[in-house]
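Novice: Copied straight from TrEMBL:
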REGION    1-32  region 'Disordered'
REGION    44-110  region 'Disordered'
COMPBIAS  50-62  compositional bias 'Pro residues'
COMPBIAS  75-86  compositional bias 'Basic and acidic residues'
DOMAIN    117-302  domain 'Peptidase S26'
ACT_SITE  Ser146  active site
ACT_SITE  Lys213  active site
Amino acid sequence: MNAAATDSPVRGDPARTRMAGQTLPAASGRILHRAGFRRPTRYCLTGWPTGPPAPLAPPPPAGARETAIDMQMPDQRDSGRGDERPVVAPPAPSDATAATMEDTKAPAGKSGLRVVREIVETVLLAVILYVGVRTVVMPYEVDGASMEPNLANHERVLVNRVAYWDVDLNSALNWIPGVDREGEWVFTPFGGIGRGDVIVLDPPTQHDKPYIKRIIGLPGDRITFQDGYILVNGERLDEDYIDGPVTECTDRSTTGTDTCDVTVPEGAVYVLGDNRDNSQDSRFFGVVPEENIDGKAFFSNWPIGELGPIGHGDYDD
């Protein structure tokens, strides 16, 4: 009976209260709270020191309470002082940051105008590139069998439209006062007109559609026919790109002049199709002025099996 009474905690005894795992008396808690300290935390029996309780710390001097509270963690200051937190103004943005913020906050109207401007610029660039490419390279589809066996009907080729352009550097200098140059510094980047070139041309007698033919005679050449061969200035022309001596010429001219014995004038060429038995060429419409030449065919791009450069005659002049 006495032992049981001895083991039970005694009300009001701080040591016994701590040993039982209970909190400190309420009076002590109020004293600590008024002094600016937190309420004591609950402790377990394990590890609690034995002996009488330590004396309470004296209250801080006047003016130190605010300092103690300010040194607490932010969440502790909030719980102790409510909303009395100091307000710190954010730093002013730099000029670069302000400019970036202005660009980010651009009105929707300006963004729309920017998109429209980019679309217009893209379309204009595409048109310029298209016109530039078409100025230099022209696609052409072979119509008919006049260039067989080398170019078949409906075969597609690319034509260099500037192949025979002359570049005159004199004109770039003649605008300078006192400079008058002629005949010098004129060159053709692609080599000029040559015998055997496959060209696209506008026939002298009709302009409804272009033809594709091979250049046989150059300015000053005399073109004649003998025993199925072509004679250039009296020498037989060796044409390894056609099948045998099948070139015949009877005067079928539509111009009223002899087309089977022709001396090619300056500024003109004499053309024939590779399929000599099925071709309307200079035997019909005569020589072709150089200004009627649209360009030089240089590459076959369709069908895939014929993909590659177009062969031009290799003659022993």
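Heads up, the Cβ atoms here are built off N, Cα and C, so glycines get one too.
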Novice: Could you give the Cα-Cα distance between Ser146 (active site) and Lys213 (active site), in whole Å?
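Specialist: Approximately 8 Å lies between the Cα of Ser146 (active site) and that of Lys213 (active site).
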Novice: Once the chains shown are all counted, how many other Cβ atoms turn up within 10 Å of the Cβ of Lys213 (active site)?
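Specialist: There are 26 such Cβ atoms around Lys213 (active site).
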Novice: By a simple count, how many Cβ atoms lie within 10 Å of the Cβ of Ser146 (active site), its own Cβ left out?
Specialist: 22
